[in-house]
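> Take a look at this one; I'll ask things after.
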Amino acid sequence: MEISTDSNMLVALAVIGVTVLLFLIKALGSQAKKAPLTLLDPNAKYPLPLIEKQEISHDTKKFRFGLPSQEHVLGLPVGQHVYLSAKINGSLVVRAYTPVSSDEVKGHVDLIVKVYYKNVHPKFPEGGKMSQHLDSLKIGETIDFRGPNGLLVYKEKGKFAIRPDKKSEPKLKVAKHVGMLAGGTGITPMLQLIRQITQDPNDNTKCSLIFANQTEDDILLRYELETVAKSHPEQFKLWYTLDRPPQGWKYGAGFVTADMIKEHLPPPSEDVVVLMCGPPPMIQFACQDNLTKLGYPEAGRFAY
């Protein structure tokens, strides 16, 4: 009897020990997942230092800003953006940007910015105030970040929470296929979403993107986009169109048209969402007007 009792006690102690160990592992794992957030208050400004600057092309650069510690993440939900603000020539300038780095990355955040220099574009002789200011920053100098901001949040597995305006409650929209229309730097929120979807093995949402630019040299994040297209050919389809295509160009030419949308985006459906980001004339005339013509419901469209 004593041997049996001792054995039972040992078994009971072993079970308790394993249970406690599993609890501790789960608790520690849960804590490890919750990295400290940088953006705690969407109305507060957080000065972040420039820690690296990399030239991507003749007029495009990657700016890496340091977070408060190597353990911090930015804290930006997928679909949201940040505002950068700075006093430039005595005036406050504010611009919206979507990071290209994942929000799971610790210690830093990356922005890809096209720098609009003075006396290059006839319509904008002064160039871009914020982009030139960013380009002028020296390593260690700071700029104010504010966020998260935006009316759209991607939850998971095709679920979007979309607010009609800042005062409204979000409405849930579920999509099996996401159509995307991007122009120029409007590609950044699209890449953010594409990465989130394709990196989640449990997310079967499909994405189809039409990316419009003036020339082949203007295509931002081309390597990143084509890498995803090659590694997820059934889930992500990519199509370019250029105003001035080079000889032998195998993609589209000219503005985004109804025929182009019909060929490269999913057809209108209740389980289709179409996202747009680019210059206002493109959004209105090339995107919205053609989507209306093709019968895409307004409830399934969103322009960043």
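Glycine too: its Cβ is placed from the backbone N, Cα and C atoms.
Keep in mind the model is a prediction, meaning the values are calculated, not measured.
These came from Swiss-Prot, pasted as-is:
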type	residues	note
BINDING	135-150, 174-209	FAD binding site
DOMAIN	43-155	domain 'FAD-binding FR-type'
TRANSMEM	9-29	transmembrane segment
> By DSSP, what is the split of the domain 'FAD-binding FR-type' (43-155) into helix, strand and coil residues?
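For that range the per-state counts are 8 helix, 54 strand, 51 coil.
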> Is L193 (FAD binding site) helix, strand or coil when read with DSSP?
helix
> Just to verify: the residue among G179, G186 with the fewest other Cβ atoms within 10 Å, which of the binding-site residues is it?
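With the binding-site residues G179, G186, fewest surrounding Cβ atoms within 10 Å: G186.
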> What average pLDDT is reported by the model for the domain 'FAD-binding FR-type' (43-155)?
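Value for the domain 'FAD-binding FR-type' (43-155), mean pLDDT as a whole number: 95.
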> For D200 (FAD binding site), just give me the three-state DSSP call.
coil
